[in-house]
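Features of the protein shown, as given by Swiss-Prot:
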{"type": "BINDING", "residues": "147, 148, 149, 150, 151, 152, 153, 154", "note": "ATP binding site"}
């Protein structure tokens with residue numbers, strides 16, 4: 001293939017000059033003689049191309065030779081990637097030797113056509129009460145975990161991977177986009193301890209890496225997930241964190257000379273998000289169910305980045321700092337979280353009525369809190385006292401010990417089936433457990449455990 005040379009280096013953006021009759025295409029991967037990979041972003045005319053470095057540009061100098069590979073970045077796909085940790089280029093970073101893949105796919109691929117897509121209303125049971133009841137996941141759907149810093153997005157995601165791998169024995173792909181290296185390390189050890197590592201492919205582009213790596217690592221993970229889907233499997237695709245994907249795009253956009261738009265984001269924000277999200281879909285062969293953690297800057301859900309993500313999701317799980325401050329984990333806000341699946345035609349009348357009953361009771365309690373704060377509980381009517389008592393039990397019963405958090409909580413994790421979840425909340429709403437003290441409901445699994453606990457109090 002054609003050879004060019006570096007003519008300008010501005011941080012992560014590199015300009016390379018090629019002969020005019022052999023200019024690389026946009027998204028072609030170029031190899032610098034030092035071993036660094038570049039990706040073409042713009043053709044500037046006169047044989048010049050502007051590229052993003054997928055690695056540090058330290059030590060580069062003008063005049064270095066650059067070779068065009070003639071293809072976009074290609075990464076290993078298939079079952080050989082399971083249990084391995086790779087970087088954005090699909091190179092192993094776990095010191096376990098080469099991957100030995102059977103095939104390599106381009107990371108830039110077209111989304112499935114309209115005819116190939118399928119829609120399913122089958123529910124995916126997660127074993128987490130609040131999610132299964134209030135914002136159920138669809139098999140092949142897209143889920144967003146929204147939350148500010150430190151409210152438990154990563155822990156929730158780890159629990160979902162563990163539950164689904166063990167209870168549904170499915171394959172998962174985890175893309176760590178611009179998150180802390182420590183979290184990636186914890187995640188790896190957690191998967192090893194839960195014996196599910198052989199069912200997960202891990203792709204990391206961490207916080208300390210150049211923007212090119214963080215921008216493309218989500219596509220690397222998605223390509224691996226697409227291969228499993230096209231083999232007829234139901235695969236889970238986890239992204240932590242989709243906000244960092246946007247942020248990497250913002251960093252690169254300014255260096256490429258584009259005008260910034262609202263709040264300094266790149267003008268192509270909606271398009272970049274769409275290109276990624278449209279590929280995460282289910283076809284007639286298999287399904288990709290995706291769970292995406294979305295960092296919410298300054299807890300502001302109207303920020304352009306989380307707001308753009310909302311449009312693509314089927315379920316939104318909103319993690320609330322107020323609930324976390326009460327010590328209730330998972331800190332999912334049952335009044336803010338939504339799901340397209342929460343429809344009597346999909347989940348059935350009983351599930352729908354119980355979920356709405358739970359939300360109604362909690363909403364009423366929220367309204368009464370001001371009165372309680374000023375006048376105290378004694379001023380409430382008997383009916384309202386009952387609502388408050390039940391709401392407090394529901395709040396506590398929405399908490400649950402996680403398997404992946406056993407180290408912190410000291411209590412064994414619980415997986416609660418959807419049937420048991422509905423039975424428990426239905427009982428609370430109907431007053432079946434009015435005689436049980438509210439502390440018995442805190443950090444419990446099924447309702448049977450609550451009853452057993454209460455008998456010992």
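Counting begins at 1 with the first residue displayed.
Cβ coordinates come from backbone N, Cα and C, glycine included.
Just so it is clear, the model here is predicted, and its values are computed rather than measured.
Those same-chain residues not listed among 147, 148, 149, 150, 151, 152, 153, 154 yet with C-beta within 8 angstroms of the centroid of the ATP site C-beta atoms are 295, 319, 324. For residue 154 (ATP binding site), the Cβ neighbour count at a 10 Å cut-off comes to 21, with all displayed protein chains included. Comparing the binding-site residues 148, 152 by how many other C-beta atoms lie within 10 angstroms of each C-beta, the top residue is 152.
In the three-state DSSP scheme, residue 147 (ATP binding site) is classed as strand.
Look at the Cβ of each of the binding-site residues 147, 150 and count the other Cβ atoms within 10 Å; the largest number goes with 147.
Here the binding-site residues are 149, 151, and the one whose Cβ sees the fewest other Cβ atoms within 10 Å is 149. Annotation for residue 153 (ATP binding site): same-chain Cβ neighbours under 8 Å, separated by at least 6 residues, are 145, 147, 240, 241, 293, 294, 295, 319.
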